[in-house]
Amino acid sequence: MSVKRLFINATVVTMKDGAEVLRRGALGVEDDKITYVGEVPEPQVQEQFDEIIDCSGKVILPGLVNTHGHAAMTLLRGYADDLPLQTWLEEHMWPLEAKFTHVQVQAGTALAAVEMIRSGTTCFMDMYDHMDAVARVVEESGMRARLTRGVIGLCSEEMQNKKFEEAVRFATEWHGQADGRITTMLAPHAPYTCPPEYIKRFVEKAGELKLPLHTHMSETVKEVEQNVRDYGVRPVEHLRRLGFFDLPALVAHAVHVTEEEIDILAQHDVKVAHNPGSNLKLGSGIAPVTSMLRKGMRPGLATDGAASNNNLDLIEEIQLAALIHKGANLDPEAVPALTALKMGTSYGAECLFLDHEIGTLEAGKKADFITLDLTGAHMQPLHDVVSHIVYSASRGDVVDMYVNGQPLMVNRELLTLDEEKIRHEATRAFQALLQ
Ligand SMILES: CSC[C@H]1O[C@@H](n2cnc3c(O)ncnc32)[C@H](O)[C@@H]1O
Ligand SMILES: [Zn+2]
């Protein structure tokens, strides 16, 4: 039986055509879809709904979209800090990740889901191993996700084949599952961990399966130099030659890209997941986001894994995006508040090729939205709600979350996940790695 809910008396930020802020607005939902956005309807119209939810003192906005990460790495949070990417990966992350089984991935991803829901993320992109465990957490939590088995090709040909088959099997089996909340993609980890012919196989398979591609690209200076040494060209040209950009593609980082490379990315409509927190913490640099925006690109925001961030709070990334480019460019107009909020919502949806379903609040779209409390002292006076969300809000302000029309958190109470059990299991799963 269909359920109709009407959320009334809210400030509604639709993110459609700019911000479109409705004061004392309403949002109607039937099953998994938004059916109405506008003024609070007359009482006789309200009677047609099964449930009326008063949202006075709250803002409703589209759920936040995290466009790149490794959810299970919550288990490695704080395990190795203050290191550059290569040392951090090769000497600390990879040795421990080699011991991960589906137990660690399940426990770490569930912990990530709790953290993401509490901080307003309704949809996340995940690249990892043991992805069936990740997909099952997504199923259970009620979240939306774009999932991929990330593949590192620094191994024997036999192992490369095995990983490739597994990535394809996962992407095929899970695409469209969980009432369509799970979609998939294919992801060679990076040009420095996958030989060119191996990347080419992923490109061909993605074309065949009509799935998007994803990879880490141009995150550090060292990686770009290595690419030039090994292949004679920088990573953008390398991937372009492999046909990576002839298909829908999302690249994570793009920190060290030249103006000419940004032109190539823009021409091919390549999506970029901007990871300001992780790039700062690993000392990788600051991506030229202002130039990307000037050239018509619409980067999304991402946390990357919790071991390089060290949290999964997209509100923080929105704030960082709105701040660091002002400082880096000596320009207070760089990445204005509204742009930063779009990066965390509608642009993020585009990056995951889900903008036909999510990213804005419009009739016909999936009912993925959150509410934030506006009554805190730090949110007053309420001149400009977009400014407050970007520059003043924090994760503690997130009160409610709905995905596909289903409540995942109401009044800060999680409805789909057992937080205490998940925290306990995550600690146990990490300790098991040290034995
Ligand atoms: C093959 S699964 C994903 C793989 O990516 C690693 N990873 C985490 N953060 C980063 C990053 O910033 N750059 C490159 N690779 C990263 C993670 O540890 C997994 O091994
Ligand atoms: Zn990553």
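Note that the numbers count up from 1, one per residue, in the order the chain is shown.
Backbone N, Cα and C atoms are what each Cβ position is placed from, and that goes for glycine too.
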Besides HIS68, HIS70, HIS216, which of ASP132, ASP304, ASP313, ASP331 does TrEMBL list for that Zn(2+) site? ASP304
GLU97, ARG149, HIS189, ASP304 bind substrate according to TrEMBL; which of GLU219, GLU225, GLU333 goes with them? GLU219
Are there residues of the same chain, six or more positions away from HIS70 (Zn(2+) binding site), whose CB falls under 8 angstroms from its CB, and which are they? ASP126, MET127, TYR128, GLY150, ASP304, GLY305, ALA307
Taking only the Cα atoms, work out how far HIS189 (substrate binding site) lies from HIS216 (Zn(2+) binding site), in Å, as a whole number. 6
Please report the number of other Cβ atoms within 10 Å of the Cβ of ASP304 (Zn(2+) binding site). 27
Helix, strand or coil: which one is HIS216 (Zn(2+) binding site) in, per DSSP? strand
Relative to the Cβ of ARG149 (substrate binding site), which residues of the same chain, six or more apart in sequence, are found under 8 Å away? MET127, TYR128, ASP129, MET131, LYS163, GLU166, ALA167, PHE170, ALA171, ALA187
Near ligand 2, which of the binding-site residues show up if the criterion is a Cβ under 6 Å from one of its atoms? Options: GLU97, ARG149, HIS189, GLU219, ASP304. ASP304
